[in-house]
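Novice: Quick one: the structure is below, questions incoming.
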């Protein structure tokens, strides 16, 4: 009889252990079951990001993304993964009004998707919310620096940390949500020296995850479509690890040419009579 091997899915606590052991944390975004299945073996966590609004739906920002959209795609990612921790973004408007609103929506995400954690944007001003959630059994990943849900108040997608006092403010944000119980903090779009100072601060227990920050972070994350060359526009911090857009276009062109010429479908692609 063959032996069934059960893979234990990683949990939030495992990321803290990796930080303590000095092991780099690897993460990517995913929105579909098939891409989630591909990255599952290589990632410690997979983020179902509200960036799906821009990547999947062509939105100008993440602001129109709804909780229902996040739940639907998180369900798909859970079906495609077996090993990686799955973290789901709390979309704009789903947690800011009150701690109670945040808990009800976060609990819904975890119950309806089976995901292992939620992520919310904001620093010290949301520390009480982070504590409220973690005290009630919801693992929380924070997000500081360039927070896309604040694009309108930031005046656009602007790198953080250039101004006087920015390092102190960002460090205070990281400390506050770490002390509130966040197991990890995404640090996005922060100038390198400031990001490095925060990432190497021994008082910050949470694992730091960089995206346009510093190699000193405990781990790194990228949007999968950006690093594969599928996106039209990518930020400076993205390194291209593939050019799938060109390969897809070439395949589609070949298909269209063969259909037009009557070469597809050939005999091998049709069903003969019995």
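For all residues, glycine too, the Cβ spot is worked out from N, Cα and C.
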Novice: 50, 51, 119 bind 3-methyl-2-oxobutanoate according to Swiss-Prot; which of 40, 44, 89 goes with them?
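Specialist: Among 40, 44, 89, only 89 appears alongside 50, 51, 119 as 3-methyl-2-oxobutanoate-binding in Swiss-Prot.
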Novice: Report, in whole Å, the straight Cα-to-Cα distance of residue 89 (Mg(2+) binding site) from residue 119 (3-methyl-2-oxobutanoate binding site).
Specialist: 5
Novice: Give me the CA-CA distance between residue 50 (Mg(2+) binding site) and residue 188 (active site, proton acceptor), in Å, as a whole number.
Specialist: 14
Novice: According to DSSP, collapsed to three classes, what secondary structure does residue 51 (3-methyl-2-oxobutanoate binding site) have?
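Specialist: Assignment for residue 51 (3-methyl-2-oxobutanoate binding site) reads coil.
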